[in-house]
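Down below is the structure, laid out as structure tokens.
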Ligand code: BGC
């Protein structure tokens with residue numbers, strides 16, 4: 001175990017209570033916040049490849065694409081203008097997550113989810129009825145703000161509501177909704193692409209209003225988390241809520257710990273200055289590196305460009321869309337694997353297994369493309385070869401879907417103490433959005449220049465991130481969220497950053513029963 005470099009989870013405390021139907025329901029409703037992000041991730045690639053959409057909003061791109069007769073498959077689909085449009089959403093989300101962190105801390109997690117839903121709804125309406133590029137971009141910015149608010153508040157909400165023993169499972173329902181959103185969007189595009197008369201794109205864009213309505217209405221009925229209620233001075237309501245979600249009156253110990261955490265939190269007026277303190281170096285590093293690495297797995301290259309990639313290796317337009325749908329299905333199903341295992345096997349096991357699986361697949365895909373396309377980018381590949389390639393990409397997607405996908409949202413949301421949890425999550429969202437934007441923007445140019453080496457490029461990153469997890473990420477399974485400081489304190493590397501009197505929210509440290 002890496003020279004004792006990590007703390008092997010176990011339980012610090014085991015509060016009484018069970019997984020109640022009520023907490024399950026609230027978590028499922030809150031997780032639907034992931035649908036809006038997923039729908040957007042899945043819809044834009046398809047819409048921006050529809051000719052009527054291009055003709056109306058990006059005529060220059062359309063002309064260029066139809067005039068392009070080059071046979072070099074690596075450099076075929078390059079249009080920065082279009083990717084800039086797609087990516088504007090991620091930049092808006094990046095900025096919005098900082099505002100969301102303030103709202104989430106001051107007004108509660110529920111309020112941010114509601115705000116996210118309403119703003120996303122407005123964006124969908126504007127986009128569906130867009131008459132010019134201005135409306136289109138304004139709509140995308142609103143969608144981005146909605147995503148920023150939802151992604152900042154939902155993971156924190158889920159991690160706080162869940163009993164420690166089921167936190168991984170419940171939090172991952174967020175990622176499950178993201179993957180369902182992506183799949184639905186792929187199917188919608190598949191259908192609207194067939195609409196004659198050129199009005200497929202507004203249907204695809206306007207349908208985003210449905211997931212927006214689900215999270216908006218859903219969040220109206222959601223209770224706030226006990227942690228946030230105490231933090232905002234509603235102690236009685238918090239105690240009642242805790243009893244309700246744990247299904248027992250015996251919540252004294254957990255309640256007391258929440259109050260201690262909240263007292264610490266109240267002393268902090270400036271979470272942003274606080275998060276930079278030496279004692280939070282571990283959490284801050286993880287909150288930045290996890291979303292950065294998640295994007296450097298290269299998953300979004302597959303998500304955004306699967307149809308393009310499959311066209312590149314010789315599938316027809318329809319077959320490419322089918323393959324994208326197959327990948328979407330694999331993504332959803334494989335997410336269940338991590339939901340079922342994360343609280344038993346732990347975060348580290350899933351991270352390391354998924355990472356290894358992705359690494360091997362990337363090497364194979366890179367090599368298979370190298371063998372056929374070489375550096376000229378010209379090839380005629382047999383059907384069986386293309387099918388094999390899709391199969392290996394599916395194994396890669398499964399690896400992501402039970403590791404970096406869900407864990408990329410779970411881990412950052414469960415490692416911070418209450419006073420800086422909102423700020424920490426905003427950092428995670430913004431880093432995630434920044435690199436989602438960066439990869440989307442750079443992919444086509446990278447494919448053109450790195451060619452098959454693009455897959456080796458991501459493989460190297462996956463190798464590095466496995467090392468990061470192995471040496472620097474302690475196991476957090478089953479540890480109560482307001483007790484998390486002990487995990488960092490026990491870690492042989494990160495422990496050095498924490499003085500004895502600073503750990504565990506000022507509470508005396510207690511020894512974990514492993
Ligand atoms: C990531 C997205 C990705 C999706 C794929 C999410 O966790 O943040 O960037 O597209 O998973 O399922």
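Every residue, even glycine, has its Cβ placed from backbone N, Cα and C.
These figures come from a predicted structure and were not determined experimentally.
Quick look at what TrEMBL annotates:
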DOMAIN    26-477  domain 'Major facilitator superfamily (MFS) profile'
TRANSMEM  21-39  transmembrane segment
TRANSMEM  81-104  transmembrane segment
TRANSMEM  111-130  transmembrane segment
TRANSMEM  136-158  transmembrane segment
TRANSMEM  170-188  transmembrane segment
TRANSMEM  200-222  transmembrane segment
TRANSMEM  284-308  transmembrane segment
TRANSMEM  320-342  transmembrane segment
TRANSMEM  354-373  transmembrane segment
TRANSMEM  385-405  transmembrane segment
TRANSMEM  426-447  transmembrane segment
TRANSMEM  453-473  transmembrane segment
Taking the transmembrane segment (111-130) as the first stretch and the transmembrane segment (21-39) as the second, find out whether 3 or more Cβ pairs fall under 8 Å, excluding pairs closer than 6 in sequence.
yes
Take the C-beta pairs under 8 A between the transmembrane segment (320-342) and each of 81-104, 136-158, 385-405, 453-473. Which stretch has the highest count?
385-405
Cβ under 8 Å, sequence separation of at least 6 from the ends of the transmembrane segment (354-373): give me the contacting residues as numbers and ranges.
73-74, 297-298, 313, 379, 381, 385, 388-389, 392-393, 395-396, 398-400, 402-404, 451-456, 458-459, 462-463, 465-466, 469
Under 8 Å, at least three CB pairs between the transmembrane segment (21-39) and the transmembrane segment (453-473) (pairs 6 or more apart)?
no
Going along the chain, which residues at least six beyond the ends of the transmembrane segment (426-447) come within the CB cut-off of under 8 Å?
74-75, 77-80, 83-84, 86-87, 90-91, 93-95, 97-98, 100-101, 144, 147-148, 151-152, 275, 284, 287-288, 290-292, 294-296, 298, 300-301, 304-305, 408-409, 412-413, 454, 457
Same-chain residues at least 6 beyond the ends of the transmembrane segment (81-104) whose Cβ lies under 8 Å from its Cβ atoms:
40, 44-45, 48, 54, 58, 60-61, 111-112, 115-116, 136-137, 140-149, 151-153, 156, 228, 271, 304, 422-423, 425-426, 429-430, 433-434, 436-437, 440-441, 443-444
